Every structure is written in C-alpha cells, then in structure tokens.
Amino acid sequence: MRRAERLGGAALLLLLLLLAARVVAAFEPISVGIAIGAASVLTGYLSYKDIYCRFAECCREEQPFNASALKLDLEEKLFGQHVATEVILKALTGFRNNKNPKKPLTLSLHGWAGTGKNFVSQIVAENLHPKGLKSNFVHLFVSTLHFPHEQKIKLYQDQLQKWIRGNVSACASSVFIFDEMDKLHPGIIDAIKPFLDYYEQVDGVSYRKAIFIFLSNAGGDLITKTALDFWRAGRKREDIQLKDLEPVLSVGVFNNKHSGLWHSGLIDRNLIDYFIPFLPLEYRHVKMCVRAEMRARGSAIDEDIVTRVAEEMTFFPKDEKIYSDKGCKTVQSRLDFH
C-alpha cells in the first residue's frame, strides 16, 4: 500500500513538474531541464531528451527523412514546375539518406517572381523541420533587409560567418535560405565559401549536414527564352529537362553583375550542387494557383471566379501572350476582390 502511495505521489509530482515545465518552456529552457530532470529521477524511466523535446524544439538529426511527404507536397502545391519538383526531391532525398555527406547541400533556385521559389523553400523547410520557417533551425536572410549597405560588405561577411557557425554548432542539419540573391552586393556570399566546400571541419565545426538555398530572379530571361523556344518549336513544356537549362544558368549567373553570384568562388569551385530553373507560368497554371488559394481559405471552388482572376493577369510576350508576367504572385490579393 505504501509503495503504491509512493508511486502515486511520484506520478502526481511528475505531472505537476511537466505542467510547470510546459509553462516556462518558451522562456527558460534551463528551468524545463531542471523540472524534467527531477521527474526523471523520481520515476527512473523517463528520457530527458524525449520529454524535453515535447515542450521545446529539438534538432533531431537522426530522424528519418520522409521523402514521400515531400513528394506529395511538391506535386499537390507546386504548379508548372516539373523540373524543380524532380530535382529538389531527388537532391534532398539523396542528401538526407547519406549518413556521411562530403559537403553541405547547396541549391540555387532561379526564375521570375511568382513562379514558386519562395514557396518551395517554405515546403522544403517544413519537411526538414516541423516548424518550417519559424523553426530555430531554419534561417532566412533577405538581401535588402539584412545586407542593405554596399559600404558595409566586410561587416556583413563577418556577421554572416559568425551567425552560420553558431547555428550549425547548435544544429548540424540547419537550413539557410538567402532570398533576393539578385540584389545581394557581389562578394558578400563568398564569405561562406569555406562552409560549402569539401572540408571535414572548419575551425572545429562540420557543415556537411547543413543545407543552403539561394533564391534569385537572375537567369529568368534565359529560362523564359528556352521555354519559348520549346513552345515555338511545337515541343511540350514537360520535355524541358535540367540539362537544357543548368549549364546556361550557371554561366549566365556567374557573368551577371546583378546575380549576387557574380564571379563568385561558389560557382568557380563548383560548390553549388544544382542550379534549378523555375519556368514561367502559363494561364492554366495561374488557374491552378487560384483554386489552391480558394481551398486554403476553406472556400468552395467557383470556376467563374477562377477564370475572372486568371483573366485579370497580364501575359507576355506581346504577340503570343503565353506566360503570366507576375506568375502567381498577385493571385491572393486579386482573389480578395471577388
């Protein structure tokens, strides 16, 4: 009887400790640890890490990668980007299934605004860390926000190195996303070149399990030209392959002063694993975006509204009018008027 009472008391104390831990989780990780540690001592069978990670985000590097979930997300949420879908799925699956990668995975996404680059980076982040862009292990840099002044390049380089080193030290599988690369001052990104190279460690830190994603409008003209050439030759859009665009993209971005990768050592040293093209979106893809936004809002699909929103968009080239000049970027705001 006394033993049962002791066990009951321990269970009650455990519950109280865990509830207290949950209250302070967002403020004091150390307090959470003390509470859970005490509970573990009392019960003798609780795992500190397992319980702690229920109340605070943990870097679970050993967690298996769910390639099927990523595949489903890309197929259901990304429209008109068969090349990007295939390459990103294969690249991430191969990288995460490799227990000993030789370097970090580095992806450079290119295409006009509204074609899905930011959306894909969000999908990737959510499939790598459950909290996605809100995760402590996913870091978004926006060129015009974080690196606005050309005269401060050296300061930005030092800050960037320290920030990445500190975060990879905390979580080896950290994700770093650089948006608006085409607006990044040349030379800034080369500060992280040692982290992307084939080094086992840099100053005692291994970067081999980290992922770097660059987003850029640079190369959009080259991608559109290839897509138009296929269309004018009567070839299917789906016939376009990575090999049709990647070599042109890497050279074009390297020689483009407004790419953020102008004469970059990252390209010169072949440290970018994939240059991924995002094709310009056609009228049918815009309609898919409208339907997806309606579903996201919990609204019934009204095809009349879908058509009206799509027809409000402007298309190019001037004569053929095949591609939306803003992709799906303004679909959300236009749908507000219907």
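Cβ from N, Cα, C; glycine included.
TrEMBL has this to say about the protein:
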SIGNAL    1-26  signal peptide
BINDING   G111, W112, A113, G114, T115, G116, K117, N118  ATP binding site
DOMAIN    281-337  domain 'Torsin-1A C-terminal'
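Here the features listed in TrEMBL are placed on the structure.
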{"residue": "G111", "record": "ATP binding site", "CB count, 10 Å": "27"}
{"residue": "W112", "record": "ATP binding site", "CB count, 10 Å": "23"}
{"residue": "A113", "record": "ATP binding site", "CB count, 10 Å": "15"}
{"residue": "G114", "record": "ATP binding site", "CB count, 10 Å": "22"}
{"residue": "T115", "record": "ATP binding site", "CB count, 10 Å": "31"}
{"residue": "G116", "record": "ATP binding site", "CB count, 10 Å": "27"}
{"residue": "K117", "record": "ATP binding site", "CB count, 10 Å": "25"}
{"residue": "N118", "record": "ATP binding site", "CB count, 10 Å": "18"}
As a test of reading the model: what is the averaged pLDDT for the domain 'Torsin-1A C-terminal' (281-337)?
95
Other residues, Cβ within 8 Å of G111, W112, A113, G114, T115, G116, K117, N118 Cβ centroid (ATP site):
F119, N217, F278, G327, K329
